[in-house]
Amino acid sequence: MNGFSDLNPSESKPSLSQLAPLEAILFDVDGTLCDSDPIHLIAFQELLQEIGFNNGVPIDEKFFVENIAGKHNSEIALLLFPDDVSRGLKFCDEKEALYRKIVAEKIKPLDGLIKLTKWIEDRGLKRAAVTNAPKENAELMISKLGLTDFFQAVILGSECEFPKPHPGPYLKALEVLNVSKEHTLVFEDSISGIKAGVAAGMPVIGLTTGNPASLLMQAKPAFLIENYADPKLWAVLEELDNKS
């Protein structure tokens, strides 16, 4: 979204040395691999305005961040259509179709992501995508970013008993990859996602692509970065290299 950058000033030199030797890295998809939240917002604004939601006034970024970002469509349907959830789910399907149409032309990786994927591959670390996004969205974004062969597993919230913020999707990723939470790192950009990773027992690095740092810190990430080119991240990875 805006690339919120009011990063927590007290965290000047974070360390994740307790993860050494690192076994795996888990990534959310929306807002974590790419800055896709602005496209979700456009799709929601367009379709909600068509049906006269909020008296025809487009929802703003604040409403989106506080009520929609990072949430599963079942939650969003209930929020937008509390008296007719089946209509809400149908609306969400229509919104996802519009999103896929727009995102296919606009998607690009966050700064530093390709460098990080090479770092991960060079060290033979296991990796998975863990997302609340619908399957079609996740597959499209991962494919358009050129990461289909990079990820060894894609865990969908809809295929778990509960989606994020429940820890289930991240626990399933650990099981599928056969790695331990004590040696696995998570990247997330939403409160819902950070809560899920933390509840699963792993340190989570939060990205401020779509949410203010002050909001993300409530979910207790290890620390925050603006993107994968952030020197703070590479200092942590270098320390992990030296400890392994």
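Positions of Cβ are set from backbone N, Cα and C atoms, glycine also.
The Mg(2+) site in Swiss-Prot is built from Asp28, Asp30 plus one of Asp189, Asp230, Asp241, namely Asp189.
Each of the recorded positions Asp28, Asp30, Asp189 was assessed for Cβ neighbours inside 10 Å, and the highest tally belongs to Asp189. Straight-line distance linking the Cα atoms of Asp28 (active site, nucleophile) and Asp189 (Mg(2+) binding site), rounded to a whole number, equals 8 Å. Same-chain residues with CB within 8 A of the center of the Asp28, Asp30, Asp189 CB atoms, the Mg(2+) site residues themselves not counted, are Val29, Gly31, Thr32, Leu33, Ser36, Gly70, Thr131, Glu188, Ser190, Gly193, Leu207, Thr209, Gly210.
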